[in-house]
Structures are given as C-alpha cells and as structure tokens.
Amino acid sequence: MPKRKRGITGDAASRREELEEERSRRFSTMVQRGQDRRAEETEEQRNSRLSDKAQRGQERRAEETEEQRNSRLAIMAQRGQERKAEGTDEQRNSRLSAMLQHAR
C-alpha cells in the first residue's frame, strides 16, 4: 500500500493562498491610507501624533522587565548591524562624518 502524502493539497491549498493574498491586499490598503492621512496632516497634527506616540513608548518602556529591555536592545543592535551591512559607501562615509563631528 503506497504511503499517503501529508500536507495541504488541492482546494485547501488554493483557499489558503487566496486568503493570504486577500490579507496582503487589505494590509497594503491600510498602509496606503495611513500614508495618505499623514501626507495631509498639518504640522500641529503631526506634532501631536508624534508626541502621543513618544508618550506611549515611554510608558511601555517604564513597565518593561529587565529581560524585555535587554531583548529590545539586542533587536535594535541587530537591526543597526543589518542597516550598516546594506549601506552604500556614501552612507557609510556620511555616518562616520557625523560621528566625527559629534566627537569634537
């Protein structure tokens, strides 16, 4: 007797793919709406939005455990390393120049 293949096949696989595509479209639409909204906001609205966001971040950080803080900082450091690795020579030179100016 032949072994039965495991996994999703046929209609179920097609349906899962359709759902993923729909989810992706909805997410793209949400992102676009947010960008449109931000493009139309006044400087006062922008400042208020950013102030609220900063306040929420401060509150969240004040409540985090040392383990959560260490994890957050490790992720930030990793992203910084990835950005540096992907940067052009011009970006690298600009970053180093800014560091030099700051050190003076």
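From the backbone N, Cα and C atoms, a Cβ is placed for every residue, glycine too.
What you see is a predicted model, and the numbers here were worked out from it, not measured in a lab.
Positions annotated as compositional bias 'Basic and acidic residues' by TrEMBL: 13-25, 34-70, 80-93. Per TrEMBL, the feature domain 'STPR' maps to 46-104. The region 'Disordered' annotation in TrEMBL covers 1-104.
Taking DSSP states H, G and I as helix and E and B as strand, the compositional bias 'Basic and acidic residues' (34-70) has 33 helix, 0 strand, 4 coil. Mean model confidence for the domain 'STPR' (46-104) is a pLDDT of 94.
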